[in-house]
Amino acid sequence: MQRGALRGASPTARRRLVDRPGLTEDEIEEIREAFNLFDTDGSGMIDPKELKAAMQSLGFETKNPTIYQMIADLDRDSGGPIDFEEFLDAITAKLGDKESREGIQKIFSLFDDDRTGTITLKNLKRVAKELGETMSEDELREMLERADSNGDGEISFEDFYAIMTKKTFP
C-alpha cells in the first residue's frame with residue numbers, strides 16, 4: 001500500500017478526512033491501508049463481511065450484529081456497502097467511545113480537585129506546582145483562555161474533552 005494516499009485528494013476532501021479528533025494523518029493512512037486491504041474486489045466499498053475482517057484486523061472485537069448496525073448507521077448512500085469516509089467515521093466513533101471518555105473524565109477529576117465541575121486558574125496552578133512545572137500566571141491564564149470555549153474563565157469537562165481529543169491546539 002502507498003503511504004500518502006491522501007496527498008492526491010482535493011483540499012476539501014483532505015480536510016474532511018484528516019480533521020478527525022484523536023487521529024493523526026499517519027493513523028488515517030493506516031486505516032486507509034486496512035480499508036484497501038479488505039476491499040477485496042477493489043470497488044472502493046466494503047461489504048459487511050469485508051468490514052468485519054477489517055475491524056478485527058484493527059483490533060476491534062465485534063460481532064456480526066454490531067457490524068451490520070454500524071453499516072446501517074454509517075451508510076448514508078443506499079444501505080449497502082460503505083466507502084472509506086464512512087469506514088473512517090466508524091473507526092473514529094470506536095476510538096471516541098465511552099471508555100476513552102471515561103478515561104478523560106478521570107484525568108479531568110485530577111485537575112478538578114475541588115469538585116466544582118470546572119478547571120480554574122487555581123486548579124492549573126496546583127497541578128503545575130505538583131508536576132514541578134514553573135509556569136507564570138500569564139502562561140497558565142493563556143492555557144486556560146485557549147481551552148475555555150465560552151469565555152467564563154473556567155474549563156468545563158466538554159472543553160477539556162475537546163482539547164484532549166484534538167491533535168493540534170489553537
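Cβ atoms here come from the backbone N, Cα and C positions, even for glycine.
Check Swiss-Prot against the ranges 1-21, 85-105, 106-126, 148-168 and you find region 'Disordered' recorded for 1-21. Long-range Cβ contacts of the domain 'EF-hand 4' (135-170) within its own chain (Cβ-Cβ under 8 Å, at least 6 residues beyond either end) map to 21-24, 96, 100-101, 104-105, 107-108, 111, 116-121, 124-125, 128.
Other residues of the same chain near the Ca(2+) site, with their Cβ within 8 Å of the Cβ centroid of Asp39, Asp41, Ser43, Met45, Glu50, are Phe38, Thr40, Gly42, Gly44, Ile46, Asp47, Pro81. Cβ-based crowding with a 10 Å cutoff singles out Glu50 as the top-ranked of the binding-site residues Asp41, Glu50.
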